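Noted in Swiss-Prot for the protein shown:
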TRANSIT   1-34  transit peptide
TRANSMEM  151-171  transmembrane segment
BINDING   VAL152, LEU181  chlorophyll b 2 binding site
BINDING   SER156, GLU172  chlorophyll b 3 binding site
BINDING   GLN164, ARG175  chlorophyll b 4 binding site
BINDING   GLN164, PHE261  chlorophyll b 5 binding site
BINDING   LYS212, GLN230  chlorophyll a 5 binding site
BINDING   GLU213  chlorophyll a 3 binding site
BINDING   ASN216  chlorophyll a 4 binding site
BINDING   ARG218  chlorophyll a 1 binding site
TRANSMEM  219-239  transmembrane segment
BINDING   HIS245, ALA254  chlorophyll a 6 binding site
Amino acid sequence: MAAAAMALSSPSFAGQAVKLSPSASENSGNGRITMRKAVAKSAPSSSPWXXXXXXXXXXXXXXXXXXXXXXXXXXXXXXXXXXXXXXXXXXXXXXXXXXXXXXXXXXXXXXXXXXXXXXXXXXXXXXXXXXXXXXXXXXXXXXXXXXXXSLVHAQSILAIWACQVVLMGAVEGYRIAGGPLGEVVDPLYPGGSFDPLGLAEDPEAFAELKVKEIKNGRLAMFSMFGFFVQAIVTGKGPLENLADHLADPVNNNAWAFATNFVPGK
């Protein structure tokens, strides 16, 4: 019985010796251990519109995309009707202008909506809506933004304009030519002190944010244009028009104003 138990527990029970553990000489080979820092990579977007191989919306219209076309700036025959992206140099300049103007329009649309939202939330702001601001700004002592003369109260719109020119000129000069904020690597996306939130550190997320910035900027430019047209026609800001439309969608819409203009009246 004891012999049977020994035979069962022996590694050479099946007639072939089983190697239980590697020998010391095998352990001490000349292997090398490398350690690397595991950085959590942000997962690329699952959205079909902002990834690198984005679906082109005009895919049915033009089968062949031009060589200069990326996902963000489709330069197919249908997408660039004015042939603005025909030359590569002009396309690069137009892309730079699109990104810069898109960032400005995104801020402007946010400000136009925010002022109307503040007025709707019963905050007593003396400044008018975005539509009527130009008329009020030229009048003397009208640029009291928070309706309290002690906070921000500019007597002259020209003084505000001069300060804006100086400040924006300095920032743009640093962005193009470098300066105390650091050297310029890419003037369109400067990074460094211009990127205080560190949004551009991960290259994949940065590439996706570039596409989102251009797409949302185009929407913001178009919606800002729509805000101006609405204000010219109705004399109200965007949020007031939206509230009127939601209150009575049948009567308060663009068609009611479009049929309102009778020549000679």
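Glycine too: its Cβ is placed from the backbone N, Cα and C atoms.
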Q | Cβ atoms near the residue listed as 'chlorophyll a 4 binding site' (within 10 Å, other residues, all chains) | A | 16
(Q) Let me spell it out: for each of the binding-site residues (GLU172, GLU213), count the other Cβ atoms within 10 Å of that residue's Cβ, using every protein chain shown. Which one has the most? (A) GLU213
Q: Please report how many Å separate the Cα atom of LYS212 (chlorophyll a 5 binding site) from that of GLN164 (chlorophyll b 4 binding site), as a whole number.
A: 28
(Q) Which one is it, among the binding-site residues GLN164, GLU172, ARG175, GLN230, that lies nearest to ASN216 (chlorophyll a 4 binding site) by Cα separation? (A) GLN230
Q) Which of the binding-site residues GLU213, ARG218, GLN230 has its Cα nearest to the Cα of ARG175 (chlorophyll b 4 binding site)? A) GLU213
Q) Which one is closest to GLU213 (chlorophyll a 3 binding site) in space, judged by CA to CA distance, out of the binding-site residues GLN164, GLU172, GLN230? A) GLU172
(Q) Measuring Cα to Cα, how many Å separate GLU172 (chlorophyll b 3 binding site) from ARG218 (chlorophyll a 1 binding site)? (A) 22
Q | GLN230 (chlorophyll a 5 binding site) to GLN164 (chlorophyll b 4 binding site) - Cα separation in whole Å | A | 28
